[in-house]
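I have placed the structure first, in the form of structure tokens, so that the comments after it can refer back to it.
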Amino acid sequence: MWVRRRCMTEAMSEIVVERCCDEREEVIQAWYMDDSNEDQRLPHHKEPKEFISLDKLAELGVLSWRLDADNYETDKELKKIRELRGYSYMDFCEVCPEKMANYEEKIKSFFEEHLHTDEEIRYIVAGSGYFDVRDHNEAWIRVWLKKGGMIVLPAGIYHRFTLDTNNYIKAMRLFVGDPVWTPFNRPHDHLPARKEYVETFVHKDAVETAGV
């Protein structure tokens, strides 16, 4: 019995070590959401909590990095990412009641489920907030980004955004070429970007699950 408990403890330790090895999780965490209609700014964890790894998130096309937000102007890693992915445009957006005109209207529109026909890139340089995305089975995954976290949401993925209870976020926005921020609220399944996303990530996962 002692040996069995020891083996279980060692196995759990390995899981903890493996989880802690991903330094991105210090500034980016992801979990499945509950079905509560409470304040959208709350974490909305399931009971028990159900976290998912950032590698699993990547299977949905959501890419992530941990960067040096205190030195973004000279960060070589950020420069490399921009060059490799062609992010030529950059600006900043602050979301909070004090600095955003029509704040209440804007925050409601951000939380409407929508997609874009181009990638959405957000690098958090201050504050924190939630980006919710749908998994292959239409379940909501909440992605919590804090200072230093950067994600890329692929074109065609249904998602939404909200602040957390800190009520403040400052994000660098990146784009390939001239920015187009047009949201297409669900349903817009007929758009080429949505069809390509489904073919690349949703159908691919269904085929792999079936063992084809």
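Counting begins at 1 with the first residue displayed.
Using N, Cα and C of the backbone, Cβ positions are placed for all residues, glycine too.
Where the annotation comes from TrEMBL, it is an automatic prediction and has not been curated.
Per TrEMBL, the features are:
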type: BINDING; residues: His114, His116, Glu120, His159; note: Fe(2+) binding site
type: BINDING; residues: His114, His116, Glu120, His159; note: Ni(2+) binding site
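Shown in sequence order, Leu153, Ala155, Gly156, Val180, Trp181, Thr182, Pro183, Phe184, Ala193 are the residues of the chain, 6+ apart in sequence, with a C-beta less than 8 angstroms from the C-beta of His116 (Fe(2+) binding site). The binding-site residues His114, His159 differ in how many other CB atoms lie within 10 Å of their CB, and the one with the most is His159.
Each residue in Leu115, Leu153, Ile157, Tyr158, Arg160, Pro183 lies on the same chain as His114, His116, Glu120, His159 and has a C-beta within 8 Å of the C-beta centroid of that Fe(2+) site, without being one of the site residues. Within 10 Å of the Cβ of Glu120 (Fe(2+) binding site) there are 22 other Cβ atoms, across all protein chains.
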